[in-house]
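Asks: Got a structure for you, questions after.
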């Protein structure tokens, strides 16, 4: 059985899957011609390994989508910044196609809702969730490119990426520093960061929180914000950047 027929066979046996991808089609404003591409775009390798009827996962589409995404970003930056040199363009490009930004777009589109993931992977998935989410956007781009061509794929990408092309510094606002600090701490120190609310001031409608984050007795930083969550993010950002500079 060919790849296309096998994937279509699996797809047609699952009416819920059909409805799910129809929902995706409406959400992204693209009428699918070859639905099997989009189905495959959301098949994780762990799901393929647990289901013998699945012959292809989304890794090839992810590879293709990454290349299409890179080309679209490069073309846009080349036009937007005519005086920027190669090094400057490369630095901006790496920021706007980074995991935090692609993850934020993927979350906005709720792409994980369409993901077919193996049972074992569901249980073990933790720190790689952001990367997995970003990869889904790339595999979707790969599917759109194969199904609709470069022009439609480019329009889709720019619909979601143009704000970062216009303002690359906006990448900073989508970074989840708590997650990054946690991942770094687990990898290098084998321990989780500890957060403590140091102070809480101001009236109920305009409170300011001061939070301290610590990794062992070796590293510590503080941050403030209008909520505990934002204060923790700011403290995590301060400590993460400090550690990365010194290690």
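First residue shown is number 1, and so on along the chain.
Positions of Cβ are set from backbone N, Cα and C atoms, glycine also.
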Asks: Of 59, 62, 86, 200, which does Swiss-Prot put in the Mg(2+) site with 135, 138?
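Replies: So, going by the record in Swiss-Prot, that would be 62.
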Asks: I'd like to know which of the active-site residues 66, 138 has the most other Cβ atoms within 10 Å of its Cβ.
Replies: 138
Asks: Given the binding-site residues 62, 135, which one is most crowded in terms of C-beta atoms within 10 angstroms?
Replies: 135
Asks: Could you give the number of helix, strand and coil residues in the domain 'RNase III' (21-149) as assigned by DSSP?
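Replies: Counting residues per DSSP class in the domain 'RNase III' (21-149), I get 95 helix, 2 strand, 32 coil.
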Asks: So what pLDDT does the domain 'DRBM' (176-245) average out to?
Replies: 89
